[in-house]
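Listed features, source Swiss-Prot:
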TRANSMEM  52-72  transmembrane segment
DOMAIN    55-346  domain 'ABC transmembrane type-1'
TRANSMEM  100-120  transmembrane segment
TRANSMEM  191-211  transmembrane segment
TRANSMEM  284-304  transmembrane segment
TRANSMEM  320-340  transmembrane segment
DOMAIN    380-617  domain 'ABC transporter'
BINDING   415, 416, 417, 418, 419, 420, 421, 422  ATP binding site
């Protein structure tokens, strides 16, 4: 009796004090309060290192374009000096016209060259920016999809989507496009200042008096805007989470007529984002206005002093004109830099959120590389396993579970909802690691086994299987990464009693099932999921029987498919049907995280214990009146524990 099961009993003490558990999980609980080690702008720039060659060419083109922008005022000033000459004699007039024509020709050459270089610079920087955002999104998605399941238990999907799309876009602009503009304006400013000093060092020093004041203001403004931008992006991510949640549960929303509630809930978060955005707009507006006023005042003072120098003969009219044009060009570049600084501060807030995720280290140990196969292939053992979900560390779900499944055996788990049945299946799949104890496959602890090998050997069919928004064929072959032939897929579908309904569709195996398989019925989804598991040909099967209402024919087809799936495999089934329990080699009753009874169906009934009470309560309950013993449910749908 119960040969496939070992039980340890006795008093169980809490494995970890509540404070210790909480500290171990602080990165999950604190969320955005955990700061990445390095979010400096240099790290953002490093994202474009793969395009360094193209960016060097773009930078050279940028320098030429910036120089051309400054040379135009220089030759414009020459034209002023030429037309200011005394040209009363015909030969002087002819010479002046020749000089003007030659100067204009120089200006045309400069403008054409600058335009070509500007186009080249824009093309190279923009193409690099697209590659940067693609690379960043791939890296971020790859990092996220390899995080432990506990991370997704406490992190909203909408927030992750916001970081993948919106935040990466902001960083892209900062890393390339805005960098291009910043370099252009810095170069233009530097060259312009050089020409200004060459024209009149006195006027230049006067123009630069205001620079220290502006620098201090920009620094303080940048710090404030960076934090405000971070808060705005965080609020937008929460709004995205609500929208994603509402769309994903739209049938539940509709069935409870809660559309207006969801609209209100989303609107409240959007209003929070709007409030922060308006505050940000106000601050940016005040800063831009103040900067513009300071720059304009500086130009006015320079013009007044320059006019005085010209009147007194220290400058020519052309030189003053060139200087004014230089100062306007430099002022325009500085103003553009202030706008780019605003964007960079926003990118700093976004990069903090993205790099926080990229720097996050999974709390689960890395998988090993062992691929254990022996004469006991398919043996699973849980040895004194204690476990609490990271999102609820103070609530111990499993308390010293010891359970052994011999190859080819069938063990059924029954018991009250919340007892820990589904948690046992989750741990065997290594969705989580136990806090204490070991789980072994073929005698090897799960952390030492190759991730790919483990999930080729172990498959799970849950109560509500999840299908992807692709064809039925792609869903069935999902675990084999497209390496399954059409014949293999069709054979698996036949074994799962899915072939006939698939062939009834116009596109047959090419039929797209919709998001989460929404275009298929419950029974059809379950049979496709069974076919997917059959194609993987696992040695260990974790089966959570569906308790959702199916019509008699669908229930028969699903049950028949499950029987085919279980043949010749080690099976751990979370049982809800009496027929499944009767056919099990061992039945384990799970209550409050412990195995309280075990044995065969008949042995447990003869003991007149908890199992007997469960069966009697279910068979005598009003919801099962008229239900035969063969199909009666042992336990209502569990709550995922």
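Just so it is clear, glycine is given a Cβ too, placed from its N, Cα and C backbone atoms.
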Ask   = Excluding the flanking five residues on each side, which residues at least 6 beyond the ends of the transmembrane segment (320-340) place their CB within less than 8 Å of a CB in that stretch?
value = 69-70, 72-74, 76-78, 80, 178, 181-182, 184-186, 188-189, 192-193, 195-196, 199-200, 203, 207, 214, 218, 287-288, 291-292, 295, 298-299, 302-303, 306-307, 309-310
Key: Collapsed DSSP category at residue 421 (ATP binding site)   = helix
Inquiry  = Quick check on the binding-site residues 415, 416: which one has the highest count of other Cβ atoms within 10 Å of its Cβ?
reply    = 415
Ask   = Between the binding-site residues 417, 422, whose Cβ has more other Cβ atoms within 10 Å than any of the rest?
value = 422
Ask   = Out of these binding-site residues, 418, 419, 420, which one has the fewest other C-beta atoms within 10 Å of its own C-beta?
value = 418
Query = Taking the domain 'ABC transporter' (380-617) alone, what is its mean pLDDT?
reply = 83
Query = Hey, what's the Cβ neighbour count for residue 421 (ATP binding site) at 10 Å?
reply = 27
Remark   = In the three-state DSSP scheme, residue 416 (ATP binding site) belongs to coil
